[in-house]
Amino acid sequence: MAAPRDNVTLLFKLYCLAVMTLMAAVYTIALRYTRTSDKELYFSTTAVCITEVIKLLLSVGILAKETGSLGRFKASLRENVLGSPKELLKLSVPSLVYAVQNNMAFLALSNLDAAVYQVTYQLKIPCTALCTVLMLNRTLSKLQWVSVFMLCAGVTLVQWKPAQATKVVVEQNPLLGFGAIAIAVLCSGFAGVYFEKVLKSSDTSLWVRNIQMYLSGIIVTLAGVYLSDGAEIKEKGFFYGYTYYVWFVIFLASVGGLYTSVVVKYTDNIMKGFSAAAAIVLSTIASVMLFGLQITLTFALGTLLVCVSIYLYGLPRQDTTSIQQGETASKERVIGV
């Protein structure tokens, strides 16, 4: 049977590419704006928690549509959620790691420009590659390893003399921001590969697994809210500092990942590479216009290296990842969750 991406038009693929690119770029810019605004600053831990709740509701809705009837939907929830405490415990691992990752993203964008963040965050590619080799016993081609080192060199150039934003009035700590990204990419690589391994361990639906993970995620993020900002939230309120822009960021975070996990089956690695590179370019342009970002030579060269390495990493390859045909669909399902 032909793969889904073989049956769609170029126009639809370009649509998928455009939406993925815009979501990645707009989310980063919008989040950066909400963290550097001169208005009352909201609690990022509450935003992460609400995002998990919305993802859970969306996944429940998609599962209901997938099962086709109320009876089968209830049976699926009863069997896979209420009757599977071990599976919930298993999915609590990526839930915890993703919660840390999402909170680190807020911390990073509070201290780094959106363009610098977008470029540096691409370190998730070598991190994921390393986790894939160690946890799933796959291999990478020589070209992929070259692209990994090229990407690391590009990020080093970007961080060597970071581009500065002249219109941002809040106090920033670039070193703290880079540390937050480092933690985020480690979390992204491990959690993504771990979740893929869980998906491949059974024939359980992706949306059931999402529900299991988001249920655990809500508990984990609520604990984070209490431990990190509990006293201030009790004084100021859970939704303190929320604006339309904050809700927009939450919407993008909730819908963006789920949308990407659905449309990625219609694209390929080259298109995803172009999408990531285009998102970097858009974020840079927006940062120059909105935040007064001053581009340095090292930033420009580093960004170019990162974009080229992303493209090279996604080039078609033969027998480089040791993934059988039956495993490919599972890999497609997990990207972007």
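A Cβ is built for glycine as well, from the same backbone N, Cα and C atoms used for every other residue.
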Tell me if the membrane topology in Swiss-Prot places Val208 and Ser84 on the same side. yes
Of Leu123, Met213 (the binding-site residues), the residue whose Cβ has the fewest other Cβ atoms within 10 Å: Leu123
How about the transmembrane segment (88-108) and the transmembrane segment (210-228): do they have 3 or more C-beta pairs under 8 A, pairs 6 or more apart in sequence? yes
For Thr120 (CMP-N-acetyl-beta-neuraminate binding site), the three-state DSSP class is helix
Which sequence-distant residues neighbour the transmembrane segment (46-64)? Criterion: at least 6 residues beyond either end, Cβ under 8 Å. 70, 73, 76-77, 99, 102-103, 106, 205, 207-208, 210-211, 214-215, 217-218, 221-222, 224-225, 229, 233, 238-239, 246, 249-251, 253-255, 257-258
Mind giving me a neighbour count for Lys55 (CMP-N-acetyl-beta-neuraminate binding site)? Other Cβ atoms within 10 Å of its Cβ, every protein chain shown. 22
